[in-house]
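**Student:** Positions annotated as [4Fe-4S] cluster 1 binding site by TrEMBL: CYS12, CYS26, CYS29, CYS35. Look at TrEMBL and you will find GLY66, LYS67, GLY68, GLY69, VAL70, GLY71, LYS72, SER73 tagged as ATP binding site. Sequence annotations record features per position, and here TrEMBL assigns [4Fe-4S] cluster 2 binding site to CYS239, CYS242. Summarising the annotation, TrEMBL assigns domain 'AAA+ ATPase' to 58-229. Here TrEMBL flags 1-23 as region 'Disordered'.
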Amino acid sequence: MGDVPDNAPEHCPGTKSEQAGKSASCQGCPNQKLCASGATKAPDPAIAEIGIKLSTVKHKILVLSGKGGVGKSTFSAHLAHALASDTTKEVALLDVDICGPSIPRIMGLEGEQVHQSGSGWSPVYVEDNLAVMSIGFLLGGPDDAVIWRGPKKNGMIKQFLRDVDWGELDYLIVDTPPGTSDEHLSIVQYLSSTHVDGAVIITTPQEVSLQDVRKEIRFCKKVKLPIIGVVENMSGFVCPKCKNTSQIFPPTSGGAEKMCADLNLPLLGKVPLDPRIAQSCDEGRSFLSEVPDSPAAQAYQRIVQSIQDYCSNRVTEEQSAT
């Protein structure tokens with residue numbers, strides 16, 4: 001849980017719990033008196049600060065996946081590249097995968113460092129209109145491990161949102177780790193005072209992935225995070241020679257299409273496997289600009305257009321409501 005201090009006992013009920021400071025497990029904890037006073041139940045002042053900081057960001061999109069290895073960071077990076085291809089738009093990509101930050105490599109920014117200015121941390125720029133922030137820029141090298149408990153990871157996410165000089169943005173893309181744990185609770189909590197357009201959920205066709213994605217969808221519903229839609233990644237392999245499609249990961253239970261129909265969610269699209277996507281990511285280049293006419297790149301462009309339409313429609317709906 002994100003509200004359990006580093007020095008808490010094993011069965012800590014959490015600082016926001018009604019049992020905080022009162023349960024048997026609180027005996028001997030250095031935080032017991034503070035928790036029992038009720039002071040820890042007050043809203044984190046950082047939430048309001050982040051609300052002010054991000055008031056100049058028009059659209060905020062979270063990229064989630066229940067399962068690791070489904071191409072979530074790859075999708076986040078290419079979503080950012082595609083949005084930034086319109087040079088009139090300002091785009092930023094925030095990597096909150098604290099323990100597995102792959103965005104610096106995918107965006108071709110390994111070895112870059114964050115600089116401090118009077119207005120906060122300065123993000124690293126890929127293009128004049130595409131900024132990136134990741135804990136990978138704060139490590140000594142790409143092989144350094146981040147071995148942190150939940151509260152420290154949450155503190156870093158808070159700093160990314162509150163202390164980075166994002167400036168005025170059209171889109172902020174947040175790349176999250178797999179699952180539904182500390183980082184996800186933190187990002188939703190810290191963004192609660194801002195307008196979040198919603199989440200894009202990434203899956204692959206096989207049931208072992210969909211099973212975890214359903215948990216992610218339930219998480220979104222529990223925390224009242226709108227779902228923009230689902231992307232089925234690695235959806236078949238299109239042979240570059242004969243153009244026939246082979247199912248490398250067979251959709252044994254109907255794939256994302258059936259899941260979305262069952263749960264009444266939009267399927268934004270299916271991205272076929274293409275070895276050149278992995279190669280582009282390893283080399284820190286945009287697959288969309290490298291092979292723009294490939295079936296995968298065209299699928300990406302259709303998905304990105306659907307996300308842009310969703311964001312525009314939400315703005316229109318909110319303006320009509322006021």
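Every residue gets a Cβ built from N, Cα and C, even glycine.
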**Student:** When you rank GLY68, VAL70, GLY71, LYS72, CYS242 by Cα distance to CYS26 ([4Fe-4S] cluster 1 binding site), which of the binding-site residues ends up on top as the closest?
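**Tutor:** That would be GLY68, the closest of GLY68, VAL70, GLY71, LYS72, CYS242 to CYS26 ([4Fe-4S] cluster 1 binding site).
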**Student:** Given the binding-site residues CYS12, CYS29, GLY71, SER73, which one's Cα is the least distant from that of CYS239 ([4Fe-4S] cluster 2 binding site)?
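**Tutor:** It is GLY71, whose Cα lies nearest.
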**Student:** Across the domain 'AAA+ ATPase' (58-229), what does the pLDDT come to on average, as a whole number?
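**Tutor:** Mean pLDDT across the domain 'AAA+ ATPase' (58-229) comes out at 93.
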**Student:** Cβ-Cβ under 8 Å from GLY71 (ATP binding site), same chain, 6 or more residues apart: which ones?
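**Tutor:** Result: ILE202, THR204, ASN233, MET234, VAL271, ILE277.
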**Student:** Which site among CYS26, VAL70, CYS239 has the most other CB atoms no more than 10 Å from its CB, taking these as binding-site residues?
**Tutor:** VAL70
**Student:** Tell me, how many other CB atoms lie within 10 A of the CB of LYS67 (ATP binding site), whichever protein chain they belong to?
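**Tutor:** There are 20 such Cβ atoms around LYS67 (ATP binding site).
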**Student:** Just to verify a number: CA distance, CYS29 ([4Fe-4S] cluster 1 binding site) to GLY66 (ATP binding site), in angstrom, no decimals.
**Tutor:** 34
**Student:** Using only C-alpha positions, which one of CYS12, CYS35, CYS242 is spatially nearest VAL70 (ATP binding site)? These are the binding-site residues in the record.
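**Tutor:** The answer is CYS242.
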**Student:** Please report how many Å separate the Cα atom of LYS72 (ATP binding site) from that of CYS242 ([4Fe-4S] cluster 2 binding site), as a whole number.
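**Tutor:** LYS72 (ATP binding site) to CYS242 ([4Fe-4S] cluster 2 binding site), Cα-Cα distance: 29 Å.
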**Student:** Which one is it: of the binding-site residues CYS12, CYS35, CYS242, whose Cα lies the shortest distance from the Cα of GLY68 (ATP binding site)?
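**Tutor:** Minimum Cα distance from GLY68 (ATP binding site) across CYS12, CYS35, CYS242 lands on CYS12.
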**Student:** Validating a neighbour-count step here. Other CB atoms within 10 A of the CB of CYS12 ([4Fe-4S] cluster 1 binding site): how many?
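**Tutor:** For CYS12 ([4Fe-4S] cluster 1 binding site), the 10 Å Cβ neighbour count is 21.
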**Student:** Counting all other Cβ atoms within 10 Å across every protein chain shown, which of the binding-site residues CYS29, CYS35, CYS242 scores highest?
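**Tutor:** Highest number of other Cβ atoms within 10 Å: CYS35.
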**Student:** Beyond GLY66, LYS67, GLY68, GLY69, VAL70, GLY71, LYS72, SER73, what residues of that chain have CB atoms within 8 A of the centre of the ATP site's CB atoms?
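**Tutor:** Residues close to the ATP site, other than GLY66, LYS67, GLY68, GLY69, VAL70, GLY71, LYS72, SER73: SER65, PRO178, ILE202, THR204, SER209, ASN233.
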